[in-house]
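Colleague: Pasting the relevant annotations from TrEMBL:
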- Glu90, Asp112, Leu114: Mg(2+) 1 binding site (BINDING)
- Asp112, Asp115, Glu279: Mg(2+) 2 binding site (BINDING)
- Asp115, Gly116, Ser117, Ser118, Asn207, Lys273: substrate binding site (BINDING)
- 5-192: domain 'Fructose-1-6-bisphosphatase class I N-terminal' (DOMAIN)
- 197-330: domain 'Fructose-1-6-bisphosphatase class 1 C-terminal' (DOMAIN)
Amino acid sequence: MRRVTLTQFLIEQQRAGRINADLRLLLEVVARAVKAIAVNVSKGALAGVLGEAGTDNVQGEAQKKLDVIANEILVQANEWGGHLAAMASEEVETVCRIPFDYPKGGYLLLFDPLDGSSNIDVNISVGTIFSVLRNPPGDDEPQEQDFLQPGHQQVAAGYAVYGPATQLVLTVGNGVHAFTLDREMGSFIYTQPYMTVPEDTKEYAINASNARFWEAPVKRYVDELQQGKSGPRGKDFNMRWVASMVADVHRVLTRGGIFMYPLDEKNRDKGGKLRLMYEANPMAMLVEQAGGAASTGRERILDVAPVALHQRVPVILGSKDEVERVVAYHTGA
Ligand code: AHM
Ligand code: MG
């Protein structure tokens with residue numbers, strides 16, 4: 001069987017006029033960084049990379065050593081290629097600038113270097129999430145303001161999941177495509193073209209320990225699912241919660257379902273739990289590109305006008321009918 005590599009896939013996307021040479025290079029470099037992160041994640045205790053780094057990130061959360069390592073790998077891989085105007089990372093408070101001795105390009109790269117890092121020490125899947133925007137013309141030294149573009153302006157988005165296999169899932173606005181890392185060859189092989197979120201679902205993902213903090217529409221929706229066959233939905237639902245958004249969303253993209261980190265009494269002051277620019281927007285683009293839907297409960301995620309780099313939002317995404325139902329419960333439609 002002929003194997004198509006990520007490199008070949010990207011060259012074909014360029015030939016078809018869907019991406020230019022700079023965006024191709026950008027995605028190649030992100031993929032290379034992801035391979036380096038995968039090596040570190042898979043070595044675990046052998047490389048002494050587990051545990052706390054002894055520092056807090058901008059969100060006031062304790063950083064794991066691998067949070068810091070993954071961030072450094074992404075920044076160092078991307079700063080010299082000439083394709084970026086600047087970067088922003090969930091782990092860094094301000095805009096990451098391109099060192100003055102390297103050329104600058106037209107794109108902005110945003111990432112969550114290691115999502116789900118509370119799972120690292122227990123050997124459960126973690127991931128990297130990224131989003132690509134255009135640098136607004138005329139701004140040579142991008143400021144935070146230049147990054148604050150709504151998610152529908154993303155030109156590419158994707159994630160890597162470091163599970164039993166390492167997979168890279170990406171979109172450039174033409175469907176969702178998945179690649180699996182062949183560790184012996186060191187290359188990503190095209191394994192799932194045009195992923196689609198199955199419409200019919202019997203699976204939901206939410207951290208149910210927060211149930212007492214949820215708003216009424218979420219309580220109602222989950223309560224109806226839990227009533228199973230004898231309730232208004234007339235069928236039984238299964239629940240899954242990995243607590244790595246990448247792994248939970250990967251499952252939704254693969255076999256359907258709904259993923260929710262809604263607004264609740266605990267996270268209301270912050271606006272939600274998950275980050276708009278590094279988590280919600282890229283995942284929303286992927287899910288929409290796969291035929292699903294993504295909402296805050298009150299608004300399409302990709303239409304949220306960002307006000308801050310590290311802004312948080314409620315996230316409800318997955319199979320379209322289910323997301324629309326949760327939105328209807330919120331809006332009373
Ligand atoms: P992180 O970026 O600091 O790892 O936090 C985001 C993660 C998501 O991957 C996951 O969906 C969520 O936090 C889990 O939160 P909780 O532990 O409250 O269930
Ligand atoms: Mg995260």
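Keep in mind that glycine also has a Cβ here, set from the backbone N, Cα and C atoms.
Where in this structure would I find these features, and how exposed are they?
Modeller: All chains included, 23 other C-beta atoms sit within 10 angstroms of the C-beta of Glu90 (Mg(2+) 1 binding site). Glu90 (Mg(2+) 1 binding site) falls within neither a helix nor a strand when secondary structure is assigned with DSSP, and so counts as coil.
Listed in sequence order, the residues of the same chain lying 6 or more apart from Glu279 (Mg(2+) 2 binding site) and placing their CB within less than 8 Å of its CB are Glu90, Asp112, Asp115, Ile129, Met245, Val315.
Ser117 (substrate binding site) falls within a helical segment according to DSSP.
When averaged over the domain 'Fructose-1-6-bisphosphatase class 1 C-terminal' (197-330), pLDDT in the model lands at 97.
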Colleague: Can you list, in sequence order, the residues of the same chain other than Asp115, Gly116, Ser117, Ser118, Asn207, Lys273 whose CB lies within 8 Å of the CB centroid of the substrate site?
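Modeller: Close Cβ neighbours, site residues excluded: Asn119, Ala243, Ser244, Met245.
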Colleague: Tell me the residue counts in helix, strand and coil for the domain 'Fructose-1-6-bisphosphatase class 1 C-terminal' (197-330), as DSSP assigns them.
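Modeller: Residue counts in helix, strand and coil order: 62 helix, 23 strand, 49 coil.
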Colleague: For the Mg(2+) 1 site (Glu90, Asp112, Leu114), what does the 8 A shell look like? I mean other same-chain residues with CB within 8 A of the CB centroid.
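Modeller: Apart from Glu90, Asp112, Leu114, the close residues are Asp67, Ala70, Asn71, Ser89, Glu91, Phe111, Pro113, Asp115, Ser117, Thr128, Ile129, Tyr278, Glu279.
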Colleague: Quick one: which residues besides Asp112, Asp115, Glu279 have a Cβ within 8 Å of the Mg(2+) 2 site's Cβ centroid, in sequence order?
Modeller: Glu90, Phe111, Gly116, Gly127, Thr128, Ile129, Tyr159, Met245, Val246, Leu274, Arg275, Tyr278
Colleague: Could you tally the C-beta atoms, other than its own, that fall within 10 angstroms of the C-beta of Asp112 (Mg(2+) 1 binding site)?
Modeller: 28
Colleague: Give me the long-range Cβ neighbours of Ser118 (substrate binding site): same chain, 6+ apart, Cβ under 8 Å, in sequence order.
Modeller: Ala243
